[in-house]
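For reference, Swiss-Prot has these:
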- C60, C62, C75, C78: Zn(2+) 1 binding site (BINDING)
- D450, D452, D454: Mg(2+) binding site (BINDING)
- C819, C893, C900, C903: Zn(2+) 2 binding site (BINDING)
Amino acid sequence: MVDVNRFKSMQITLASPTKVRSWSYGEVKKPETINYRTLKPEREGLFDEVIFGPTKDWECACGKYKRIRYKGIVCDRCGVEVTRAKVRRERMGHIELKAPVSHIWYFKGIPSRMGLTLDMSPRALEEVIYFAAYVVIDPKETPLEPKSLLTEREYREKLQEYGHGSFVAKMGAEAIQDLLKQVDLEAEIAELKEELKTATGQKRFKAVRRLDVLDAFYKSGNKPEWMVLNILPVLPPDLRPMVQLDGGRFAASDLNDLYRRVINRNNRLARLLELGAPGIIVQNEKRMLQEAVDALIDNGRRGRPITGPGSRPLKSLSHMLKGKQGRFRQNLLGKRVDFSGRSVIAVGPTLKMYQCGVPRLMAIELFKPFVMREIVAREYAGNVKAAKRMVERGDERIWDILEDVIKEHPVLLNRAPTLHRLGIQAFEPVLIDGKALRLHPLVCEAYNADFDGDQMAIHVPLSEEAQAEARLLLLAAEHILNPKDGKPVVTPSQDMVLGNYYLTMEDEGREGEGMIFKDIDEAVMAYHNGYVHLHSRVGIAVDSMPDKPWKENQLHKILVTTVGKILFNSIIPSEIPYLQETTNENLTDSTPDKYFLEPGQDIQTVIDSLEINAPFKKKHLGNIIAEIFKRLRTTETSAFLDRLKDLGYYYSTLAGLTVGIADIPVIDNKQEIIDAAHHRVEEINKAFRRGLMTEDDRYVAVTTTWREAKDALEKRLIETQDPKNPIVMMMDSGARGNISNFSQLAGMRGLMAAPNGRIMELPILSNFREGLSVLEMFFSTHGARKGMTDTALKTADSGYLTRRLVDVAQDVIIREDDCGTDRGLVIRAITDGKEVTETLEERLFGRYTKKSVKHPETGEVIVGPDTLITEDMAAAIVNAGVEEVTIRSVFTCKTRHGVCRHCYGINLATGDAVEVGEAVGTIAAQSIGEPGTQLTMRTFHTGGVASNTDITQGLPRIQEIFEARNPKGEAVITEVKGTVIEIEEDAATRTKKVFVQGKTGMGEYVVPFTARMKVEVGDEVHRGEALTEGSIQPKRLLEVRDTLSVETYLLAEVQKVYRSQGVEIGDKHVEVMVRQMLRKVRVMDPGDTDLLPGTLMDISDFTDANKDIVISGGVPATSRPVLLGITKASLETNSFLSAASFQETTRVLTDAAIRGKKDHLIGLKENVIIGKIIPAGTGMARYRNIEPLAVNEVEVIENIAVDEAIVESSED
């Protein structure tokens, strides 16, 4: 058996007839499949056991030889070799075709490879192949042109004219094969290269395309005539099975029908040739054979597809590979796995962060082999069969064994759709009753799970290695941070937030206010016995909490706080200051001094002088988690999270918050506000009727009036709300709902959008407490429906975007420590107009500097060169007033097929520097794709007359950027660096002209009349700067500026879209994706290299090709950078396996076969396809080639190290 993990590379070429014969175990001569009576395969048929091997293991067809001991013997009666039945999946047969047949992939693909090789048009080829015309193969002495076409009539006339045998002309694939055999590749290539030196325009384009194909044949060693088949391979029978159904009927693969047609026509052709039938009949039969083979290879590519019962097109060999149901995506990239189950999930509030509840019945089934092994080991049963019976009977003793087996054996839980890597995490199983899986409430956010009927799948890692990885890398307690932005992803929500909010509230004049306690226990006892309320402000001796980081001047004093806050602080690690207020200073520095009592001071006076502090909201809890993680890392954080969860649930239960209709307040002056708005609208309409304003102005004024009315009601609501109102508490704490929900309950619902997206002028005046009228209800349904459809469409769009992103970046892996590049990227804050979309501080954190950063005033070095910037350093840089910093960036990294550690920086998911082997491309793709569903689908109209273009935003804009399409609402850019000297308006053509004066000359740009200008007369502009509002076309920018400018522009654009929707994504993820779009260059002039002009190639391959030429003193090739959209970039990847499994499978494989492409299995996808361990993480060569050391060797190495250290110190 071939060991997949030893594979170096995989090559695909055209198969020569000898190759096909060498694969084959015999010729299939009859169209029969199996005998209808005996159900045994027919001899020489499509399922023949002589050719393809036995149907039963170690048993010949007639039954003379049975058992493994006859292995390898060929039966003398039936001729079947005694071997495993599995060989029926690998042994091929063949069909000897009685006439050559063209391969439809090479004749029909775009561009037609046959056509380019012969320099004939695809239409001419079609006429010849399908017997509609003759082609002149050898004109001999006649004046006929070689390769010219003759109709049947012309052919006969020419024969009469020049005499029989005076020239050779044929029809059918046979003629094409003869022509292909005549092609002299070397001579043709030399001729084309000469032609290229002078050719221009269309002629040059065609020559380049022909040269490309001929060169591919020449370099790969494929012969052009192999594009025509004389012998057809037959797929192994178990890959096109025939199975008996219950009713005695048979279900067979479509391929069998297609093969049957080929065999029937081939046999008929053989008979006709034997009988010497008239030419026209033979011709017709040959054409039918050609069509049968076409249908077998790619049914439906030419003409109407061959259909089966119910006029359903039959699935041909090509269809077996294509699409989501094809071989690649269905069976190779995603397989169904054993040792897995799925069930509904329920909440497990008592679980620890690293645990999940698994139903007993499920666990016994999943861990069956482990339990059976243990039963035999404990001698409850003599052998495995007996042990299996024990488990299936449900013997009492198996449950104790199960408990022992699952200890320390993590399982993986996955929820579909798995949008990012947090969609699969490992947990330790805890056995529970019932049939639902129990999930820890804090991991719900990562899975995007809720308990309204969601289901999850469970998988068991089997090998020791898999268990170790699950435990060390995938355990849920390790995944505190989100890989997309490095912020905690496990923040408490809903009840947990509410409980902690309630617990940390403060209130005036509640029972027990001003009491002083000696320690925590006394305070808690007083609370339990009803002497003091949770929210009462009381005093407690600082010295009773010795492990907190108090300042010197705070010791031996009394702290003013509440019992709730004492309880809340008791779960917080002792390294964090006592949290008395929600400020950042309190969290990072120390508890403010104003809460401490000097000896002899009256506590009541201090309490009265203090403001009432806001309770801890969801945002503050998130900050606390982040701070604890920063200081104490994973283990302590996950333990703290569990304590926070328990506390939250406990106190939200105790608080007993309920919502009734009386809790929705009534706004006293609602009617006045609405009447005023009505009055204003009436005035606007009057003004419109008098002709004082346009229809557009009136519409804008009316909608604005109603918006203002709604805002006024909302403002009034906020002013009058009672902080103890349960709805307000839920909203304020961030547990559920927001001000907009609240104002719909108590204010007014406001304006609604009509089905066409335009906002209707009639607002909904009622709120949900009062109830809506029938008409209002009807209006509001439009929006609801649109919301649902948008979400459904968006999910599909976003999923497809993620798939394309993953595909283009899947081979980007951290390959080395430092690439040693001499380039860096200058970064500053990203701004959109006046507002900052991403601050410099956010952009600096977790990157390596390229040059040292100096203080702009004092000149002192804040951060040295090639240093990892921490949060504190980033803050120091920004505080010093530095506006731009040169950092190491993915854009400028020199590593081939990946990135180096220094150019990438910190791994956002762990907060530490990234490790070699991290699959950063996939992480980047997931980080950009996962929030895709949160982006909007709409194209905004910029209101009325301001501009005539719509600005695309949300998901469509992201797709536009990554596919490098020409944007809607394109901005005009300048190609000259200089000053804007005049902007003249031309009313006649309805355009403006902008004149830019530069050092090298004057630039004149025509701008639409309605476009909004971004520049004024006298402004300085740089090359590639936008003169008008709108999006710059990146391909145009690439022509005017360099690659780095385009990369920086695309990065800023992507960030603008995501940030405007409140989604944060680390720069480095976008950098990884954008770099993949600019990996290729197009060769302009090959110089002395053997590159072809017009070829697309990887930058690193281009540099390599030039390196040798430059060293030997030749003329290097020149090239131009190319910007590819992600779909195009995925298809242009060097790995044909990866490209074929993405899209356009047949096109990719046709091209790869002609070029004889080798796939070096560098990316992740190609390794998954062939089943090899992926070259990322622990699958990287440097982690796999580790030799275990014997104990004594370790000692020797340690001694050597000690000796070396002694030597070094003595040299000093």
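Placed from the backbone N, Cα and C atoms, the Cβ positions cover glycine too.
Taking the features listed in Swiss-Prot, we show where each one sits on the structure.
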residue	record	Cβ contacts under 8 Å, 6 or more apart
C60	Zn(2+) 1 binding site	E49, P54, K66, C75, R77, C78, V80, E81, V82
C62	Zn(2+) 1 binding site	C75, R77, C78, V80
D450	Mg(2+) binding site	C444
D452	Mg(2+) binding site	none
D454	Mg(2+) binding site	V344, I345, R415
C819	Zn(2+) 2 binding site	C893, K894, T895, C900, H902, C903
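Taking each of the binding-site residues C75, C893, C903 in turn and counting other Cβ atoms within 10 Å of its Cβ gives the largest count for C903. The DSSP secondary structure for C62 (Zn(2+) 1 binding site) is coil. Listed in chain order, the extra residues whose Cβ falls within 8 Å of the Cβ center of the Zn(2+) 2 site residues C819, C893, C900, C903 are E816, D818, T821, R888, V890, T892, K894, T895, V899, R901, H902, Y904. The Zn(2+) 1 site, placed at the center of the C-beta atoms of C60, C62, C75, C78, has further neighbours from the same chain whose C-beta lies within 8 angstroms: A61, G63, K64, Y65, D76, R77, G79, V80. Highest local Cβ density among the binding-site residues C78, C900 belongs to C900, counted as other Cβ atoms within 10 Å over all protein chains shown. Each of I345, A449, F451, G453 belongs to the same chain as D450, D452, D454, is absent from that list, and has a C-beta within 8 angstroms of the C-beta centroid marking the Mg(2+) site. In the three-state DSSP scheme, C900 (Zn(2+) 2 binding site) is classed as strand.
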